[in-house]
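Working notes, beginning with the structure itself.
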Amino acid sequence: MLPALRLLPLLLLLPTSLSDSSLHPGDPQLMAPPSPAVVIVGAGISGLAAAEKLHKHGFQNIKILEATGRTGGRIYTQKYAKGLVEIGAQWIHGPSPDNPIFQLASQFGLLSPDALLEENQKAYGNNHPSDMPVVYTSSGGNISAAALADIMGLFITWLEQARNFTNSRCGPEDSVGSFILQQIVNSSQEWDKELVDTNMALLRGLLNMECCVSGTHSMDYVALCPFGEYTMLAGIDCTFPTGFESLVNRIKAPLPSGMVVLNKAVKRIDWNGSFQGNDSHVYPVEVQCEDGDSFVADHVIVTVPLGFLKKQSADFFSPELPTSKMQAIKNLGFGTNNKILVEFEKPFWDPNTTLIQVLWEGDSPLIEPKEDLKQNWIRKLSIFVVLEPPAQLGHVLCGFIAGKEAEFMETLTYEEILSSMTDLFRRITGNPELPPPVSILRSQWYSQPYTGGSYSYVAVGSSGDDLDNLAEPLPTDKEALKVKYMF
């Protein structure tokens, strides 16, 4: 069952389903009323998809107000090295018929032949890399594939166990991190003494990677009870050969010129009043912009990131949102996951390598990381993806880093990060003469004023109910809640 879009004076639209094949233009039950004025705040994929569906079904009076100078939001493809790289969203997770993004990408012919293979759509990748990484240690050594496989097998098992919890078996303050830590303590008692330090360092790196997957500083922040509510779709994760923005461009292509207004930051939404329009019609909503412009509307769809709402919701809506919605915004987590792309003239890794894991010797899940971010931020950087194919992209590694360390990284200069990357790769290869990277490129999602981070997670103290609450439209009286339009 796809969620209903209730076209009402105010709707907070979360990026969920983007299509419904049961709807057809011209259906009498779905025809739009005479030119209602609709304002959509945000031109990310959710805002553009909402506009495309409304326009497809006859709505003409639509404005999309985008604070930045581009569309796409956290989908951001850039030229780098020899080809295109993703600063934001990179993969279709679970590319199978149940995934609306996959449906659209397939429909538009944007995927590689491998991504469309039936066997790849039926396999389960669990939103994690399917290949085994090559492990480099911080002293220039390597870890055997067998040792890594044993620890990764344990870690994946613990994650699956965490997803099988229900509310009857855990409390609201229980976290995924605390559960995994207890499993580590229990298992470590059976390890050979000479393996303990290596296993602990490997697990610290895997937890760092899981922070990137969940978009959090620590798995201690991620609620245990609802962890399994996240639906893992079948399919081996895939990318867009021509960039993720190619999907954005296809979605917005049918929209009339002028519907999307760039560099138009919204300051406040007055959503429960009476506002005179230039056509003498009285509208229930007025959207005020930072530059002094204002737009009246019958309906508003708000698609801004949760990170922005966490910082601005108290002043962004007038009247203030109901307590239940404000509490949901507060309860849910929104973290930072950044990328550091590193280009080399020649690869130091073997041709068959697809993933590189850095093992920081001395690190352990049982030891709290040191607070000195200036000295230790780079120790949170544990996983690099080898971008492929090198013939089209060059020799590029994409590192992932999450949490406070990712936010601190954003404050560093290009030269500081380049120096840190040079030192890191010379250290793990044991080659002090390794040539420095040709260039680097990093994301800075936390410091983006209209984003404030990367993506949301169900934090300790919250639940899936908070997501449902946030998506419910306003006002909430029965007459207003009459469904006028669905997709």
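Keep in mind that glycine also has a Cβ here, set from the backbone N, Cα and C atoms.
TrEMBL entries are annotated by machine, without manual review.
Here is what TrEMBL records for this protein:
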type	residues	note
SIGNAL	1-19	signal peptide
DOMAIN	45-473	domain 'Amine oxidase'
BINDING	Ser46, Glu66, Ala67, Val266	FAD binding site
BINDING	Phe400	substrate binding site
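Everything TrEMBL records as a feature, shown here on the structure.
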residue: Glu66; record: FAD binding site; Cβ contacts under 8 Å, 6 or more apart: Gly42, Ala43, Gly47, Val260, Val261, Leu262, Asn263, Lys264
residue: Ala67; record: FAD binding site; Cβ contacts under 8 Å, 6 or more apart: Gly42, Asn263, Lys264, Ala265, Val266, Pro449, Tyr450
residue: Phe400; record: substrate binding site; Cβ contacts under 8 Å, 6 or more apart: Met209, Cys212, Asn337, Asn338, Lys339, Leu381, Ile383, Phe384, Val385
Binding-site residues (Ser46, Val266), the one with most neighbouring Cβ atoms at 10 Å: Val266
Three-state secondary structure, which DSSP defines for Phe400 (substrate binding site): strand
Taking residues Ser46, Glu66, Ala67, Val266, which bind FAD in the record, the widest Cα spacing (Å, whole number): 17
Rounded mean pLDDT for the residues that make up the domain 'Amine oxidase' (45-473): 94
DSSP three-state assignment for Val266 (FAD binding site): strand
